Amino acid sequence: MVELLGFCSVIRLSAYDARAECYSGLKSGKVDMRFFKRGLAFSSTEQRILRNPSLQHPRRCLETPLILRYGLVCTGEKRFQANTEEAGSVVFDKNENEEGGVISKEIHVEIEHMDPFSYLESGFMLSEFKVHFLEERDEEILSNRILTLSRSNKSRSALELYLSMVFTGLRTDAHACNSLLACLIRNSLINNVLLVFETIRKRGLATSHTYSLVLKAVASSRGHEQALEMFNSLESEGEMQKFDIVVYNTMISICGKAKTWIGAEKLWRKFHQNNVNGTIITYSLLISTFVQCGQTELALDAYHEMIMQGLVPDENIMKAIVASCSKDGKWDMALSTLRRMIDSGIKPSVIAYNSVINCLGKAGEADLAFKVYELMKSTDQAADIHTWSALLCALYRSKRYSDALKLFESIRSQQILPLNALLYYTVLMCCQKMGLWERSLQLLWQMETSGIEMSTLPYNHVIHACESARRPEVALQVYQHMRDQKREPDMFTHLSLIRICIWGCLWTELEIILEFVPLDASICNALVQGFCLRGKTTLAKNMYQKMHDIGVKPDGKTRALMLQHLSS
């Protein structure tokens, strides 16, 4: 009688079949080796009984059907491929060792039709694994053994015992299967993981934890695209009925690590279509992924959906929403989320406060920014350099330049924190707007003596302040000092100097500056406009003609001024 169990054909022999003939051969000393070649392998206990009839009557010994360990064994060039309804075909090389009731073989498993895993290799090699004759038939006991071996990280022994149970037709419980998969994953045996997973899935033992383990392992070893392909294939086969929110969380996490927000959004829609409810972890993963990928609208949609379902967002979710809204300038949403954090008993961090203050500052909401700052102080949070920078920026954007200078002096005099370049830049811009060229010069010298790394930007701010105050000679001195400090002027430096030289009628200085300036559209337009405004029509016409000669297009203001002067 032949039964198909798992991977291989299992042959049951009673007292009146070939084992009786084999017993006769053993007794007479003439054993027909064809039985062994056909897989009629006996354990050491069976051999002792057959060789010593006095131990037990052969009929009693063989009346109970015995399960062979391997099925048929291939010899020569011929191969016997067992009927495998579950996982393809198994081919065993002839390499037998009967001692200890264990047969050592190299098992080559060819995966012929393993949809949905189209990306899998055509075969796996389970080299030098042993399949054991199992005298124990209790599935619970054997499953516990697999569990113990897996927890001890004995992947080889656990896998051999599992394969022995599969070949013998015994059913391993789901907990043991998952523990075995976790053990194989820890040892980076991804091929064995996929092979075991296929047998588990085909036998109906897969749980949501099983799918999560395998999908995470595939993503780790073969990339998120392969994991998504595997997930979609399993879903198309109808396995989605076994997917709970844990599986979706795993896939969303995989997409988040790969920063593929499109995949995360599709998974979000899918678990809604399958009537699976998201958890706080689900929405945390979605919001984190969308925020990292700059998809603020999707992050807000996920946040609002979570609120509508009665879930209370945790601190990480609220921080992500605050950061995302602040980055996109949605100061009202950032402020309301900050208030929700405080009302929920969550203490916002300095970073959260700074994000909201910075967002309010960029929007010109200086009063609200200072209210948030006062709220920050009431929670015993100490302001850092970013807080002061955001507050100064709020005052600058609100055109409260004098208040910004007062706040800066307060910070500097109280020595609250070491001043950085960003604070100086904001105050220099305030001086520029107010035309405080002397104050801007003082700030520039302070920057140079404080050891702050200098760039072109602070010199530009001072030159612009001199331009606003109509102090061309001071601006030229700052320019020369800038060159002495090995700081290269940029286009904004040259434009400001051109305007201030034309206004001050410093034509010689202008010619010297133009020797170092390449003519482009911005420079040419500034020269023509300056000449026109100062009544230098001839110079304006010459420069306008030169613009046409070098292929530079005039802007609207330049054309309007030239038409006005040409018609007059």
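Residue numbering: from 1, along the chain as shown.
Every residue gets a Cβ built from N, Cα and C, even glycine.
Remember, predicted model here, so these are calculated numbers, not experimental data.
The repeat 'PPR' annotation in TrEMBL covers 244-278 (among others). For the repeat 'PPR' (244-278), the number of residues in each DSSP class (helix H, G, I; strand E, B; coil) is 27 helix, 0 strand, 8 coil.
What TrEMBL records for 248-393 is domain 'PROP1-like PPR'.
For 279-313 (among others), the entry in TrEMBL reads repeat 'PPR'. Per-residue pLDDT, averaged across the repeat 'PPR' (279-313), gives 91.
For 314-348 (among others), the entry in TrEMBL reads repeat 'PPR'. For the repeat 'PPR' (314-348), same-chain residues at least 6 beyond its ends with a Cβ under 8 Å from one of its own Cβ atoms are 280, 283-284, 287-288, 290-291, 294, 296, 299-300, 303, 306, 355-356, 358-360, 362-363, 365, 368, 372, 375, 379, 381.
Residue counts for the repeat 'PPR' (349-383) under DSSP, helix first, then strand, then coil, are 26 helix, 0 strand, 9 coil. The annotation repeat 'PPR' is assigned in TrEMBL to 349-383 (among others).
According to TrEMBL, the feature repeat 'PPR' maps to 384-418 (among others).
Summarising the annotation, TrEMBL assigns repeat 'PPR' to 420-454 (among others). In the repeat 'PPR' (420-454), the DSSP tally of helix, strand and coil residues is 27 helix, 0 strand, 8 coil.
Per TrEMBL, the feature repeat 'PPR' maps to 455-489 (among others). If one looks beyond the repeat 'PPR' (455-489) by at least 6 residues along the same chain, the residues whose Cβ comes under 8 Å of a Cβ in the stretch are 421, 424-425, 428-429, 431-437, 440-441, 443-444, 447-448, 496-497, 499-501, 503-504, 506, 509.
Feature annotation from TrEMBL assigns repeat 'PPR' to 520-554 (among others).
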Report summary line: Checked against DSSP, the composition of the repeat 'PPR' (314-348) is 26 helix, 0 strand, 9 coil
**Report entry** Distant-in-sequence neighbours of the repeat 'PPR' (520-554), which means Cβ under 8 A and at least six residues beyond its ends
**Finding:** 491, 494-495, 498-499, 502-503, 505, 561-562, 564-566
Report task. Tell me the residue counts in helix, strand and coil for the repeat 'PPR' (520-554), as DSSP assigns them. Result -> 26 helix, 0 strand, 9 coil
